[in-house]
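Visitor: In case it's useful when we look at the structure, here is the feature table from Swiss-Prot:
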type	residues	note
BINDING	Asp23, Ser52	Mg(2+) binding site
BINDING	Tyr171, Leu172, Glu173, Ala174, Gly175, Ser176, Gly177, Gly203, Gly204, Gly225, Thr226	sn-glycerol 1-phosphate binding site
Amino acid sequence: MQVEAHLQKIIEKDGKVHLTLIDPASQTPDRAAEIALAAVEGGTDAIMIGGSTGASGTLLDETVIKIKENIHVPTILFPGSSAGLSKYADAVFFMSLLNSRDLGYVITNQVLGAPLVYRSQIEPISMAYLIVEPGGTVGWVGDAKLIPRKKPEIAAVYALAGKYLGMHYTYLEAGSGADSPVNPEMIGAVKQVLGENKLIVGGGIRNAETAKICTSAGADMIVTGTVVEEVKDVTAKVAEIVSAIKR
Ligand code: 1GP
């Protein structure tokens, strides 16, 4: 499966993509597989698997394997470090945290992880990862120089640099569980410089209304993580968000 090409086709058909994020550290592999199936039944396009802490090793492998047994949509790793790789996934967001002060998150983990990706069949999808205030756990772990919420121009120049470095995707991250997502002014400013390059927005999206605000502002893809871990009816919640963003 060519995952990047597959997501491009969905954008051409539906306008937008919905991604569900599952953190292997938050539940058992069996429960992760149930959540993934429910999200697919609600219309999610792919399952992202990863987290800032504890999403590695046997737990990660077993989570990916169980999820893949249950669903047909792509599984994409969202690694917090080189330890977040699993040969069982379809693809990996091969990302650099461009606004980290720690070189480890900018390039060293990528160097350590590159040979694993090379030896496996995982498809790398290059991505500039930018963390915006408040940033949450990933902002702290990644030692990010957080982009101020009210400074869209700073996010735009980071995104432009990422694009010129050859990254196909840009991810604007407010941090998992943020009170609100990145604001529409910043999303619009970033999408304007990206042009056809893809923009993912995540962190703090919990309902159809906020998801729609993000896509209307220019996000090509939105990510929901926390809300699918919290609600009883995952299928209904995902369906609510998916129907709001797709044409
Ligand atoms: C976190 O952007 C993702 O990396 C998802 O955030 O958990 O707030 O949906 P939420």
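Cβ coordinates come from backbone N, Cα and C, glycine included.
Each of these features: where is it, how hidden is it, and who are its neighbours?
Guide: Close to Asp23 (Mg(2+) binding site) in the fold, though at least 6 residues off in sequence, lie Ile49, Gly50, Gly51, Ala55, Ser176, Gly225, Glu229, each with a CB less than 8 Å from its CB.
Of all the Cβ atoms in the protein chains shown, 23 others lie within 10 Å of the Cβ of Gly204 (sn-glycerol 1-phosphate binding site).
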Visitor: Filter the candidate list Asp23, Ser52, Glu173, Gly177, Gly204, Thr226 of binding-site residues, keeping only entries whose CB is under 6 Å from an atom of ligand 1.
Guide: Glu173, Gly177, Gly204, Thr226
Visitor: Write down the Cα-Cα distance for Ser52 (Mg(2+) binding site) and Thr226 (sn-glycerol 1-phosphate binding site), rounded and given in Å.
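Guide: Cα-Cα, rounded: 13 Å.
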Visitor: Using a Cβ cut-off under 8 Å and a sequence separation of 6 or more, which residues in the same chain sit near Glu173 (sn-glycerol 1-phosphate binding site)?
Guide: Tyr129, Leu130, Ile131, Val132, Gly135, Val138, Val182, Gly202, Gly203
